[in-house]
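Enquirer: Would you mind keeping the following structure in view while I ask a few things?
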Amino acid sequence: MKLGKVEFCHFLQILALFLCLSGMNQAELTRSRSKPYFQSGRTRTKRSWVWNQFFVLEEYMGTDPLYVGKLHSDVDKGDGSIKYILSGEGASSIFIIDENTGDIHATKRLDREEQAYYTLRAQALDRLTNKPVEPESEFVIKIQDINDNEPKFLDGPYTAGVPEMSPVGTSVVQVTATDADDPTYGNSARVVYSILQGQPYFSVEPKTGVIKTALPNMDREAKDQYLLVIQAKDMVGQNGGLSGTTSVTVTLTDVNDNPPRFPRRSYQYNVPESLPVASVVARIKAADADVGPNAEMEYKIVDGDGLGVFKVSVDKDTQEGVITIQKELDFEAKTSYTLRIEAANMHVDPRFLSLGPFSDMTTVKIIVEDVDEPPVFTSRLYSMVVSEAAKVGTIIGTVAAHDPDASNSPVRYSIDRNTDLERYFNIDANSGVITTAKSLDRETNAVHNITVLAMESQNPAQIGRGYVAITILDINDNAPEFAMEYETTVCENAQPGQVIQKISAIDKDDPPNGHQFYFSLTAEAANNHNFTLQDNKDNTATVLTKRNGFRRQEQSVFYLPIFIVDSGSPSLSSTNTLTIRVCDCDADGIAQTCNAEAYILPAGLSTGALIAILACVLTLLVLVLLIVTMRRRKKEPLIFDEERDIRENIVRYDDEGGGEEDTEAFDMAALRNLNIMRDTKTRRDVTPEIQFLSRPTFKSIPDNVIFREFIWERLKEADVDPCAPPYDSLQTYAFEGNGSVAESLSSLDSISSNSDQNYDYLSDWGPRFKRLADMYGTGPECLYS
């Protein structure tokens with residue numbers, strides 16, 4: 001029996017494991033090197049280490065350290081003079097060595113999937129001198145794998161799709177599981193696949209993990225999704241192997257395997273005849289169990305008497321057939337239509353043509369319902385013309401409308417005044433004759449667009465609309481005039497025959513053959529010695545000078561009347577005046593200064609100087625006004641107004657009173673009681689030495705009943721007067737009373753024999769009171785002494 005290469009390697013590994021477990025892993029010294037090893041103080045023979053690899057099973061669960069192997073040197077005589085040390089990966093932390101015997105043990109659980117092997121170095125030392133007796137040697141401890149990892153689907157769970165109606169064996173998706181165990185040793189990493197859920201619809205290849213369909217004719221419309229559970233098991237699926245699972249969701253994708261079918265063989269719809277063009281009449285739909293592009297349909301009318309009246313289109317969102325109107329419906333002309341409509345799939349799969357035609361037919365009957373329609377005009381737009389010279393009442397044209405219903409109700413006409421705000425036109429309500437109602441002006445409005453309303457006599461709510469465009473024909477009723485306001489200048493040094501202005505004219509009229517204007521000077525200006533006019537025969541004219549040398553000092557402005565005539569029938573004319581200013585020009589003939597006053601001003605006086613002078617004058621005027629105002633204020637008497645009557649004192653409050661019944665808002669005693677306490681106040685307009693001559697002031701005044709009675713009488717009159725102001729109003733009465741607190745100053749009273757008042761002190765008050773001193777004084781110069 002021959003062994004393969006793989007089987008032979010496995011056999012060697014098993015043999016090595018057996019030797020390891022039986023304690024055969026030992027280090028032996030042999031004489032295999034030719035070079036001597038020198039140690040200080042003596043010479044030794046040629047020796048070296050000879051190893052076999054050490055093997056350790058992973059995942060050891062025992063309580064004692066796991067024996068790995070033994071190191072031994074031929075120098076070691078067993079007397080304890082040799083000490084063994086270990087270094088490298090995991091030395092002291094994972095692997096320990098007995099320094100006397102050379103036995104190596106593993107102190108921790110090892111995992112091959114974390115680290116598959118460890119590289120260490122061993123050396124034998126003299127225990128006394130601590131010097132090596134052999135060269136350091138390197139060896140490897142390999143971790144022997146066991147089946148401790150189950151297969152895992154790193155990409156799961158899976159989703160996949162396969163077309164419906166696919167044949168058996170159609171590949172769906174491939175799943176892959178990985179095993180962390182050693183694939184080179186045993187069957188720990190050899191995985192096989194099986195299906196736990198999803199039969200009998202799907203199957204899986206045991207070695208590759210490819211999922212395939214297992215049943216034919218799987219219909220998406222019956223079931224569109226399947227959930228599969230796939231298992232991966234190591235140890236080639238044998239008992240004791242570890243396993244892992246994943247889920248695979250398989251969706252059946254749609255194919256066009258269902259033809260469209262109308263749920264009904266015929267449809268009927270009622271439509272009013274007034275339905276506008278492009279309106280939707282009905283929606284029909286053929287049922288198709290497919291989805292997406294496989295369910296897309298197209299509809300068309302294949303037969304019937306409504307081919308030109310209706311059309312059918314497809315709604316892309318709902319796949320419905322939409323029937324719309326192409327022409328206006330008329331119940332009086334035709335009351336019903338019949339349509340044969342076909343629905344067909346747009347994308348047909350040739351594999352399923354055997355299932356039948358992928359189209360269907362239905363019949364649609366459309367009943368036209370009669371409605372009361374508004375009157376209809378014989379034309380959608382009427383065009384009429386009228387001269388702007390037409391008199392009021394001139395007939396322009398006629399419109400006509402009729403009732404399309406069988407009743408043929410009479411029609412009355414009117415003009416929509418929103419389209420004829422100025423009421424230029426009228427219409428006869430019965431005949432539809434349109435006439436002028438006002439004078440027309442083409443220059444104001446050349447075309448009038450009006451709307452004519454036609455109403456049924458029996459049902460005025462039914463209104464038809466007709467549109468009339470009235471063009472106004474032009475007549476020559478506007479005289480020509482200058483095309484613009486010309487600013488013409490002539491230089492003082494102008495030469496005879498020099499062109500100073502080119503003029504043109506405009507006319508608001510619009511003659512058929514265009515305008516033709518004629519220019520000339522008026523009769524009174526024809527013989528002037530300054531300017532002349534030349535008609536250019538192209539609706540323009542040129543103004544030229546007739547003499548040389550113009551002087552602004554003599555005449556700065558010339559007015560030239562120009563006569564313009566149009567070519568209308570009859571022709572119209574107008575006189576337009578051209579203003580020509582004489583200016584000082586530079587060498588190029590460009591006007592510099594056109595004001596005659598420039599010669600009068602001093603040569604060195606600029607515009608800035610003029611502005612400065614004007615500012616100074618204004619400043620002086622302001623100062624004079626301020627001085628006058630101050631002097632007037634000083635002349636006013638400085639006597640305070642405390643002595644004035646109480647009637648002249650108005651107290652203002654910011655609160656709103658409650659009417660005449662409200663006596664809490666303010667103190668009425670101030671108005672009713674005239675006992676006013678007055679203090680002696682020093683006059684500011686008399687010298688101190690004359691102040692004792694002033695009239696003594698009163699400390700109190702007796703209650704004057706007359707004012708109180710006067711106010712109460714006026715209050716009663718206001719209460720009963722319906723024309724009086726509201727309660728909360730201020731009423732002022734010019735009532736002085738029978739006497740004055742300051743007594744009378746009348747000159748008539750002062751000359752009485754009973755008067756003992758002395759006014760001699762008035763003469764000491766200064767020149768301002770001289771007049772009073774003369775009138776009331778007792779001097780010899782007094783007239784009445």
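A Cβ is built for glycine as well, from the same backbone N, Cα and C atoms used for every other residue.
Heads up, TrEMBL stuff is auto-annotated, nobody curated it.
Sharing the feature lines straight out of TrEMBL:
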SIGNAL    1-27  signal peptide
DOMAIN    73-153  domain 'Cadherin'
DOMAIN    154-262  domain 'Cadherin'
DOMAIN    263-377  domain 'Cadherin'
DOMAIN    378-482  domain 'Cadherin'
DOMAIN    482-599  domain 'Cadherin'
TRANSMEM  599-628  transmembrane segment
Enquirer: On the 0 to 100 pLDDT scale, where does the domain 'Cadherin' (378-482) sit on average?
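Expert: Average per-residue pLDDT within the domain 'Cadherin' (378-482): 91.
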Enquirer: Mind tallying the domain 'Cadherin' (378-482) by DSSP state, helix then strand then coil?
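Expert: The counts are 3 helix, 48 strand, 54 coil.
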Enquirer: From the DSSP assignment alone, can you count helix, strand and coil residues within the domain 'Cadherin' (73-153)?
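Expert: Each residue of the domain 'Cadherin' (73-153) counted once, the result is 0 helix, 35 strand, 46 coil.
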